[in-house]
Each structure stands twice: as C-alpha cells, then as structure tokens.
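Annotated features, as they stand in Swiss-Prot:
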- 140: active site, nucleophile (ACT_SITE)
- 11, 12, 110, 169, 302: NAD(+) binding site (BINDING)
- 139, 140, 141, 195, 196: D-glyceraldehyde 3-phosphate binding site (BINDING)
C-alpha cells in the first residue's frame, strides 16, 4: 500500500487526506500542519499522524498535540508527497526539502507551472505524469476548463478555439479576510487572465483566451464559454458527450437546478462530506449550438474539484493503474456520479 504524505491540511489538503483514506491502494502516512489549530486537532481525531516544521514542535506540544515529527520525518515516512500548501509555499518546500529527499511530489495549481515537469488533468493527460518526479495538478478553474474541453475532444468533437469568461468566487466560505463584499472586480483587468495560458500547459495546442472577474459569493465559480468547433455538430452530440464523460454533471432547470446555490444544496442533500461537488456542473439548458459555435455555462466548486485529480495523479506518477481504471476507481471510492458514465 502506497504511503501518501499530505503537506498542508487546509481547504484542499484536508479533502485530499480524506480522499486518500478512502482508497484501497494508498494510505495516509501523515499530514503537516504549521499551526496547532482546530484543523490540526481534527486531523488527530481522524487518526492521522500530525507533523510540523522544526520550529513548531514546542508550540504543538503546548497546545496538547504531540507531533509525530518534522516535515523531514514525514517525507521519509512517505512514498509520495501531495503538497497542498498556500500559494508559492510549495516551491519553497521543494527547494528546501523535496529535492534533497528525491521523492515524487504532487503540487497544486497555486504554484507556477515550472515548479513541476507536467501540469496534470486526469481526463486530458494522465499518461504524461507516468514516472515523473514533480507533477502539478492545475487550479480549480483550469481543471474545470480542461475537463469540459477534454469531454468534447474525447468524444470526437474538435475545438478550433475557446473563449471563456469566468465569474470567480470572491473567497472560500471560511476566508473572512477576503472579498469583494459589494463589488465586481476585474481579476485581473488585463486579458488574458492566467487561466487560458494555464490550460495550455495541459492542452498544449488549444487556442484559448480567458477573462475573469471576482464577485461577492463564496460557493462556486461560474464559467460562460464560447467555443468555435472545427466541424458541424448537433446540440444532442454535445450533450451526449457531457453525459458520458466522468466528472461532468448535467444540471437541468426543469429538475430544479436554476443556480449554483442549488448545486451545492444538492450536494448537501446527497450527504456528501462538507457539501462538496467535485463534478463540473454544466447547465444543460445553456448548451446552444449555432452553426459551428457552441455556447454553455457551467459551475466549478473550487474547494473540491481538484480532489479526485490528486488521487489520479498519485496513481499516474507511481504507475498504480492505467488512466480509466484509476478514474473509475477514484470516482467510485469518492461516491461521485458514475451512472451512465463511460470509463474508457
């Protein structure tokens, strides 16, 4: 059984830890926390060994948490590391620790692409991560983009160019110091936003431009996409592609899905941990084909969309399973929607 160490136990790290714990071919060797807060105590209650930085050992002991060791001890106890640190900290960890230990590491999309050898999305380029030392799972928005575009391309729908407009959530639900509160902020004001070039690190030949604004919500991002297709395709063919592809959910207005809030409420009603929705929620009614032009809207749950990607990245790097077997295994273990999906 593969031993996975999680560096960072915040919004993404704690979700990845729970996902690893749900697998039958990997287990948590431990998690790294810098602060002995409630999340650290929850990690202990979950049965995870908690590690910290060398200068934090006494701080944890005073808080009543006996650390299992330092970050170097965690790396030594692991076959692979998933670094879910805040933005840019992953690169610092690489230079300070990971290079020395020469073990594979999965980074997150908050890091620049050059931190890793490969930027990763399971549907798009699973095989490229095989045997790599450093792999980066792209950000939530980029994961949403690459997943939607890959869904079409895997089903024979060719894309000439993509123009995607993103309404980014202003903050995660627990982030009390971020915003905006009463504003719409170009994020960035320049074109393109970083999401398009980031998507090109995975889908290297795609012609894509993105624009983004930050809006005063916390639940999800909304993408509005215009795609120019290379050929003539029907609306039915596009919808069938989404219906068959794993990690895509078709939300119907007639079934009560009129907003992103209702997507999250659906996740809660399903009993999903933390109300997570790792699937991309494509609004079926928005899918419109006009000649070779395709229009659609879809929601991206920023807290959870990358979680299954990280599990697949571990398998891809270590060669634990081929692409479709890994994706199916991950989806079933995390209780994602698998009915009607085609794995292969």
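Every residue gets a Cβ built from N, Cα and C, even glycine.
Where Swiss-Prot records a feature, it is marked here on the structure.
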| residue | record | DSSP (3 states) |
| --- | --- | --- |
| 11 | NAD(+) binding site | coil |
| 110 | NAD(+) binding site | coil |
| 139 | D-glyceraldehyde 3-phosphate binding site | coil |
| 169 | NAD(+) binding site | strand |
| 195 | D-glyceraldehyde 3-phosphate binding site | helix |
| 302 | NAD(+) binding site | coil |
With the cut-off set at 10 Å between Cβ atoms, which of these binding-site residues ends up with the most neighbours? Options: 11, 302. 302
Taking only the Cα atoms, work out how far residue 195 (D-glyceraldehyde 3-phosphate binding site) lies from residue 12 (NAD(+) binding site), in Å, as a whole number. 19
In angstrom units, rounded to an integer, how far apart are the Cα atoms of residue 169 (NAD(+) binding site) and residue 141 (D-glyceraldehyde 3-phosphate binding site)? 11
Cβ-based neighbourhood (8 Å from the centroid) of the NAD(+) site, residues 11, 12, 110, 169, 302 excluded: 139, 140, 172, 303, 306
Just to confirm: which same-chain residues, 6+ apart in sequence, have a Cβ under 8 Å from the Cβ of residue 141 (D-glyceraldehyde 3-phosphate binding site)? 166, 168, 195, 212, 221, 223, 300, 302
Counting across all protein chains, other CB atoms within 10 angstroms of the CB of residue 139 (D-glyceraldehyde 3-phosphate binding site) number 23
Counting across all protein chains, other CB atoms within 10 angstroms of the CB of residue 195 (D-glyceraldehyde 3-phosphate binding site) number 27
Within its own chain, what residues at least 6 apart in sequence put their Cβ under 8 Å from the Cβ of residue 12 (NAD(+) binding site), listed in sequence order? 84, 108, 303, 306, 307
